[in-house]
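Feature annotation from TrEMBL assigns transmembrane segment to B:48-70, B:77-93, B:99-119, B:126-149, B:173-190, B:220-241, B:261-286, B:298-320.
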Amino acid sequence: MSSLEIRHLKKSFGALKVTDDVSLDVRSGELHAIIGPNGAGKTTFISQLSGQLASDSGDILLDGQSIMRLSMPKRVHLGLARSFQITQVLPHFTVLENVAVAVQARSGSSFRFFSPVAGDAALNARAMAALGEAGLADRADVQASALSHGEHRRLELAIALATEPRVLLLDEPLAGVGGEDADAFVAGLARLKSRFTMVLIEHDMDAVFRLADRVSVLVYGRIIATGTPEEVRSDPQVRAAYLGEEEEEVA
Amino acid sequence: MADATIPHAAPMRRPLAGRVKAAVVLFAIFAALPPVAAALDDPFFVLIGTRILAYAIAAMALDLILGYGAMVSFGHAAYLGFGTYAVAILSSYGVHDIFLQTAAAILVSALFALVTGAISLRTRGVYFIMITLAFGQMAFFFFISLSAYGGDDGYGLAQRSTLLGSDMLENDFALFYATLATLVALFWACHRIVGSRFGRVLTGIRENPTRMEAIGYSPFRFQLAAFVISGCMTSIAGVFLANQAEFVSPAFMSWHRSGELIVMVVLGGIGTLSGAIGGAVAALLLEEALGALTEHWRLWFGLFLVLMVLYSPNGIAGLVKQVANRGRKS
């Protein structure tokens, strides 16, 4: 298990401070949810953590070691994986190939030019295991572009799992998934909880309060509260800024 | 969620199998060409055939990066040039052995591809096209200014390359079969590369570079390696072109030539390898046939290209696949 410490992280786009001095400890083994209204800067924050987006200043420590200056691929090799809010797959690859290429990134050299990769049983077996955990094993041989939206979300998760992460960054894994599908997905995430440290961005409040050990609330690039789901739920500032609106909408 | 963790020896979809079949058919037709030409008493066909085979090697090498790596190199004729001048320059120093000449061509091409590729790959899309074009033109003008080898006018070879000390390649038939054997070997190599771990990463980068970075791949290293491999293979085509023409000139490396290579790949079907071979055959045969009919053949060739791109964007390979599928259904 690994921990993630974020120290005074900043990011501006022009005059707009998207991440405004965020400090946060993600403890080893916890599932830490980050919630906030639209435009709060949640995806930007995840992109900074994963290295897809360079930060202006601050520091990110994975198990006490700074990863600020590392590229996204290097952070992945240290065990920091992310899933995307907008599904990022290899559309002309099969589902299995999408996952097997992620396994390959962590096992052996990819500068092998001659042996056929399609029949590599070790890669395929580990890819199938990840697909099984994401509930997509029966769709292994389908071309990724032919999957339904819900299946894409599962593939997104399977790919992240296949990189053997120590810390998993999940950017709205439930985006656009509804009903029973969502329930099954949440149950699947709950099973993964004990194995990885997870940072979860999610709009579905039910899912967040069922899964999270701790919740941080991000509003206009600042963390306004961090605590257990109950603490956050009863925080007056949070209610004013965010949850209140939601509950009124529901009511 | 289902929990099927079956070790899976994946019966994966195999689009490559059809491509291999198509290539084998093409190779068989090539192999039959010299006896037919001999029977027709028209050895000129064999010389044209050798030229087609050499361009097929170059187009296939370009397809490796254009089709599988989404790198549109507009300077690939430079590598044809390195191959042709490796023959001419070494030959002028009395080194006629084709293996030594090829090794020199590959060495120079690898260095050129490594340096220009490392710079070009910092850019994307149309900028990549422009910067490879610029490097290609630099190589072109370097050989134009090489007055010891005729500069602009080119340089005639005193003799063809030797193979294991024998001058058998002076025979047009032998040169043809040597070129064909090289094409077959390089096709096999490309086919293996495309299906390897490396090939899967290269194709993945083409499909979605963000995804590949997010699972831990740095696209640059893989793209650069493919760029170097492609450049080296293209230079081998140049070695055979020089022998076929018994003449080298900077015209082999002009940007028109780079454009023709792209046309061959697109015409044949991007990302299919055998399509690039078919594209080279179709482009050069059309050039010969239309050229014999009218001096405005480029106009008709252009019209043909427009129709192909509009009605069969997957090129000749796409057409063949459609016909094959229809045949299977009926």
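Placement of Cβ uses the backbone N, Cα and C atoms for every residue, glycine included.
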* Cβ contacts under 8 Å made by the transmembrane segment (B:48-70) with residues that lie 6+ beyond its boundaries -> 30, 33-34, 37, 76, 79-80, 172, 175-176, 179-180, 182-183, 186-187, 190, 193-194, 199, 202-203, 205-206, 222-223, 226-227, 229-231, 233-234, 236-238, 240-241, 244-245, 261-262, 264-265, 268, 270-273, 275-277, 279-281, 283-285, 288
* Structure fact -> Given the transmembrane segment (B:261-286), its same-chain partners at Cβ distance under 8 Å and 6+ residues beyond its ends are 19-20, 22-23, 26, 48, 51-52, 55-56, 58-60, 62-64, 66-68, 72, 74, 76-77, 183, 187, 190-191, 194, 297, 301, 304-305, 308-309, 314-318, 320
* Any contact, the transmembrane segment (B:77-93) to the transmembrane segment (B:173-190), with at least 3 Cβ pairs under 8 A -> no
* the transmembrane segment (B:173-190) and the transmembrane segment (B:126-149): do they have three or more Cβ pairs under 8 Å, with pairs 6 or more apart in sequence? -> no
* May I ask for the residues of the chain that lie six or more residues beyond the transmembrane segment (B:220-241) and have a Cβ under 8 Å from a Cβ within it? => 50-51, 53-55, 57-58, 60-62, 64-65, 68-69, 71, 73, 76, 79-87, 98, 101-102, 105-106, 108-110, 112-114, 117-118, 120-121, 161, 175, 178-179, 182, 186, 189-190, 193, 198, 201-202, 205, 252
